[in-house]
Amino acid sequence: GLLLAMHYTADTNLAFSSVAHMCRDVQFGWLIRNLHANGASFFFICIYLHIGRGIYYGSYLNKETWNIGVILLLTLMATAFVGYVLPWGQMSFWGATVITNLFSAIPYIGQTLVEWAWGGFSVDNPTLTRFFALHFLLPFAIVGLTLVHLTFLHDTGSNNPTGVPSDCDKIPFHPYYTVKDILGFALMISLLVSLALFSPNLLGDPENFTPANPLVTPPHIKPEWYFLFAYAILRSIPNKLGGVLALAASILVLFLMPLLHTSKLRSMTFRPISQILFWALVANVL
């Protein structure tokens, strides 16, 4: 991201061509960009697996760790959204227009809020400039929150698949866990590199190869795959405010997880009915 920022120009007239220039004229610019774009997808795969694992094994009972994790997810989603706008293709522009416009559904202050976010009366140069600033800034906020996340986790220690204390079975993190984790890293990195080298545009929208044009709306406005579950919820409700509330609720519901836990068992390992509901949720999201 840092290397991309060195070559990127946050201006509506230059953004699209600066990205094209990067892919054509910068040493390995194409590779850096493809790893950055697809790296985001892999990050979301890891995050969703991590959240699913947390729900399955009752990790949400570490309340502080869990709540900071949800805040991390929200920050990450904001970062990915503002980043998607930067290449200033058709889907970037219209995605920004549609999603920022949702704030106008907020009663009384909505319209003022949207115009304040846009820096004008439509998505334009001021919007692009501030989105670039935010896309640069927010990852540092994510790093900071991650440290807080780990600090709270360190306070209680992590959970295990059975959901019972395992203090007597603890082993040194290094070399055991470090070696175990390297396998996962190697697997993910090889998959990421394969995707970035063999079909880098597989997950992207072809519409984004067209420079942004405020006068032409793309036939299908849709986000990247990792936001589709939220966007589907938004679009499935005919009322604007209702859709916005449902979209927000689809993520904020994670805050309720610690309050909704009534079982005497922490983990779902020995709860087959909860397992059925859990896998139904997974299938539904997919």
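Every residue gets a Cβ built from N, Cα and C, even glycine.
As recorded in TrEMBL:
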DOMAIN    1-162  domain 'Cytochrome b/b6 N-terminal region profile'
TRANSMEM  40-60  transmembrane segment
TRANSMEM  66-86  transmembrane segment
TRANSMEM  93-111  transmembrane segment
TRANSMEM  131-153  transmembrane segment
DOMAIN    163-286  domain 'Cytochrome b/b6 C-terminal region profile'
TRANSMEM  182-203  transmembrane segment
TRANSMEM  241-261  transmembrane segment
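Averaged over the domain 'Cytochrome b/b6 C-terminal region profile' (163-286), the predicted model has a pLDDT of 97.
For the transmembrane segment (131-153), the list of distant contacts is 1, 5, 8, 10, 62, 64-65, 68-69, 71-72, 75-76, 78-79, 82-83, 85-86, 96: same-chain residues at least six beyond its ends, Cβ to Cβ under 8 Å.
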